């Protein structure tokens, strides 16, 4: 395939497939490509891939890789989120802590995640997905189970720190694994489905709590103790599934033990490698990421607006995930009904997330989709703050439900936008870790948005959330402009010979 004279072609005029080939060429590490002629040679096998067989192989990837990572993310979120339901079951009163201590515990948990995010991703590169991911899920399942025995403030704070340490690296690690298996144009939709695990956990957690909290007093244990015990053991069970069934990579599509959930024919195994957009994604030798790669990725300032936007907007999800059941209970609903009603907003978030992921893949307008989703969230927050205090019981529940349903629609799309603008395996892994670190730092900051003195309407907290979302939208617009301006300069030949920037195009 030949793409002639790109100086006469604007990036938005290049079709999706041709643009991917164009980007791969200009990002060639050798730097020997001409700015006026790009040549792409496809092997006979690449040209003759049967779309029917490829679709079958892709379905097997969905079943053997994506489903397992979604399950891991679901229990990840259950173990983090079940504190919200435990609070409705008297957890704070039983261990004698106040709302300020709950906020502090969550801050410490998120701080631990931030500190160990990059080291955990480096370990994933070194040991491989099969060993690392299953071991990590087992560890945070064990810590989650041990929360059953928390008795005081110190125990609570220590347990939150340990949970943060155990969970560090799972999210960017799983997304990195997805980037090994899927093409660029498939990735946004799969990342959205992956985040179904997180947001599905938000929805399932209060529903499970409605049943588990009824065990209060059984065998001398409180309802919140049963909650931590049952959901922690569920996580440990899921870790065994990852150990038994998660394959390593397209080059080694088998789990650590046995043949796994699916059987790959020799033709399908060839397709697994041929269909991946760039072979640099695969790290067959498990080569460790060096600190030079880390520093280069961290200092890539053109990607910083991604992190600022993620930090600002995702910070608003922290108080929602911790206090939504308690807020709904304060409207006059009992403990069981409040947890059930809290699940509605999280359930509605699932089609919202999928819609924006589909829109992003369909239009290939990654930045515009992120900004649109964030603007929708901002509008709902403004409406909620303006009318919340004057509404009735069910109307206020509807407002909180609407806020929760659109609070994360932008998040998976923003992740895939970040991934698409990384050009090698090491850079992608570290950039994903930084993206998750920014989201986690935002969550850590957001733990202080809702204060006891601001109850029951949280007017001050909602105002802070509105400001942070506006900052995030502004940062996303800046990021989009950075990519568009850079691409135009590359296409028009504005960078001199020897400037590495002339060999890089970004996905706006």
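Each residue's number is its place along the chain shown, starting with 1.
Backbone N, Cα and C define each Cβ position, glycine as well.
Just so you know, TrEMBL annotations are computer predictions that nobody has curated.
According to TrEMBL, the transmembrane segment annotation covers 63-80 (among others).
Residues or ranges marked as domain 'Major facilitator superfamily (MFS) profile' by TrEMBL: 65-508.
For 100-120 (among others), the entry in TrEMBL reads transmembrane segment. Counting only same-chain residues 6+ beyond the ends of the transmembrane segment (100-120), those with a CB under 8 A from a CB of the stretch are 80, 83, 87, 92, 136, 153, 156-157, 159-165, 167-170, 172-173, 294, 318, 322, 430, 433-434, 436-437, 440-441, 443-444, 447-448, 451-452.
Marked as transmembrane segment by TrEMBL: 132-150 (among others).
Residues or ranges marked as transmembrane segment by TrEMBL: 162-181 (among others).
The transmembrane segment annotation in TrEMBL covers 193-213 (among others). Residues 66, 69-78, 80-82, 84-86, 88-89, 171, 174-175, 178, 223-224, 226-227, 230-231, 321, 325, 335-336, 339-340, 342-343, 346-347, 349-350, 353-354, 357, 404, 408, 411-412, 415 of the same chain lie 6 or more positions beyond the ends of the transmembrane segment (193-213) yet place their CB under 8 Å from a CB of it.
What TrEMBL records for 225-246 (among others) is transmembrane segment.
Same-chain residues lying 6 or more positions outside the transmembrane segment (304-324) and placing a CB less than 8 Å from one of its CB atoms are 80-81, 83-84, 87, 102, 106, 110, 202, 342, 345, 370, 374, 377, 381, 400, 403-404, 407-408, 410-411, 414, 417-418, 434-435, 437-439, 441-447, 449-450, 458, 461, 465, 468-469, 471-473, 475-476, 478-479, 482. Feature annotation from TrEMBL assigns transmembrane segment to 304-324 (among others).
Below 8 angstroms of C-beta separation, residues 84-85, 88, 188-189, 191-193, 195-196, 199-200, 202-207, 209-210, 213-214, 324-326, 328-329, 369, 372-373, 397, 400-413, 416 of the same chain, each at least six residues beyond the ends of the transmembrane segment (336-358), sit close to that stretch. TrEMBL lists 336-358 (among others) with the feature transmembrane segment.
Under the heading transmembrane segment, TrEMBL lists 370-388 (among others).
Feature annotation from TrEMBL assigns transmembrane segment to 394-410 (among others).
Here TrEMBL flags 430-450 (among others) as transmembrane segment.
Long-range neighbours of the transmembrane segment (462-485) within the same chain, counting only residues 6 or more positions beyond its ends whose Cβ lies under 8 Å from a Cβ of the stretch, are 302-303, 305-306, 308-313, 315-316, 319, 367-368, 370-371, 374-375, 377-378, 381-382, 384-385, 388, 414, 421, 442, 446, 449, 506-508. What TrEMBL lists as transmembrane segment is 462-485 (among others).
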Taking pairs 6 or more apart in sequence, does the count of Cβ pairs under 8 Å between the transmembrane segment (394-410) and the transmembrane segment (370-388) hit 3 or more?
yes
Please report, as numbers and ranges, the same-chain residues at least 6 past the borders of the transmembrane segment (370-388) whose CB is under 8 Å from any CB of it.
309, 313, 316, 356, 359-360, 395-396, 399-400, 402-403, 406-407, 409-410, 413-414, 417, 457, 459, 462-463, 465-466, 469-470, 472-473, 476-477, 480
For the transmembrane segment (63-80), which stretch among 132-150, 162-181, 225-246, 430-450 has the most Cβ pairs under 8 A?
225-246
Which of 132-150, 162-181, 225-246 contacts the transmembrane segment (430-450) most, counting Cβ pairs under 8 Å:
162-181
